[in-house]
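Undergrad: After the structure tokens below, expect a handful of questions from me.
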Amino acid sequence: MKFVTNSYSLAKETKEILQENGIHLNKKLGQNYLIDDFKRKKIISFGELNKDDIVLEIGPGIGTLTIELAKKAKKVIAIEQDLNIFNILKKRLDNENIQNVELIHGDAVKIDFPKFNKIISNLPYQISSPITFKFLEYDFDLAILMYQKEFARRMKVKLNTKDYSRLSAMLYFKGNFEFLDDVSPESFIPKPKIDSTVIKLTPKNIPIDLDIINNQYKKICKALFQHKNKKIRNALIDSRHEIGYSDKKELKSLLNNLVKVEPDLEAFLSRRTITMAPKEILSLTKILKAIVR
Ligand SMILES: C[S@@+](CC[C@H](N)C(=O)[O-])C[C@H]1O[C@@H](n2cnc3c(N)ncnc32)[C@H](O)[C@@H]1O
């Protein structure tokens, strides 16, 4: 696909809007704004939008993606945490008479999302992990998301590496993803110190084990991945609160009793989290199911 780009004017426009409003971008809120029109067009085209789509955008900033998304979709729901930035975008939308954007002020990690079917966002990197877990709780057709490159790499299951994470173990059963494009620091102001990657995420439907994955497997992963290099027995005991226990002795004795009746359990308990493939964690979960609260 050919893109007609106008990166110079997007950079100029962004700087002017920020300057006019006396804004100094805030690192802590992940405020690195896209100024590369070529990348903007690409991200939007990845979303394959049509006039039936309701798009969720987390962190719209001054509307760099939002305004273009609104031209192509039925509606955009945009959630921005920074009140000054929210007000700038609100004014821009009013001035341009754009009426199909529902702009919400707040922390996207804490707010329940209204109904949507696609997500397109250049995410604030400090919330990458909680917001991705939150997306997985919703039903949607596809998500086009920009992450820090390192973070995106951790989505793929890589046993015995530091990149193997709770996120990869959850995504293995809950999402399909595809790396679409890399974006260099030059495409933003201010320039971040890291590279970025755009990915496509689609929910995986696995009706058979969905219930156990959304419940006990999720809790077990939460406990185990807090201690990736520990043996499973110790990881479970040390993070017992994640599976509903405060009393160390109680959990220890339940595990010891279970070992007597479940021949495969002892072998699992002696392994380290980092060596356990998601399917093995699921087998372990099925054994532990009755004692996970
Ligand atoms: C990486 S910038 C992206 C801005 C714009 N979409 C772009 O592409 O240039 C992330 C935006 O998310 C906002 N933000 C940060 N934390 C947030 C949160 N918890 N909920 C909603 N917005 C948040 C920041 O204020 C910032 O405007």
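Using N, Cα and C of the backbone, Cβ positions are placed for all residues, glycine too.
This is the feature table in TrEMBL:
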- Asn32, Leu34, Gly59, Glu80, Asp107, Asn122: S-adenosyl-L-methionine binding site (BINDING)
- 39-205: domain 'Ribosomal RNA adenine methylase transferase N-terminal' (DOMAIN)
Undergrad: Using a Cβ cut-off under 8 Å and a sequence separation of 6 or more, which residues in the same chain sit near Leu34 (S-adenosyl-L-methionine binding site)?
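TA: Within the chain, Leu34 (S-adenosyl-L-methionine binding site) has Cβ neighbours under 8 Å at Leu10, Arg40, Thr64, Leu65, Asn122, Ser187, Phe188.
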Undergrad: Please list residues from the chain of Asp107 (S-adenosyl-L-methionine binding site) whose Cβ is under 8 angstroms from its Cβ, counting only those at least six apart in sequence.
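TA: When sequence neighbours closer than 6 are ignored, Asp107 (S-adenosyl-L-methionine binding site) has Gln81 within Cβ distance under 8 Å.
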Undergrad: Please identify, from the binding-site residues Asn32, Asn122, the residue with the sparsest Cβ neighbourhood, meaning fewest other Cβ atoms within 10 angstroms.
TA: Asn32
Undergrad: Can you work out the mean pLDDT of the predicted model over the domain 'Ribosomal RNA adenine methylase transferase N-terminal' (39-205)?
TA: 96
Undergrad: DSSP three-state call for Gly59 (S-adenosyl-L-methionine binding site): helix, strand or coil?
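TA: Coil, per DSSP.
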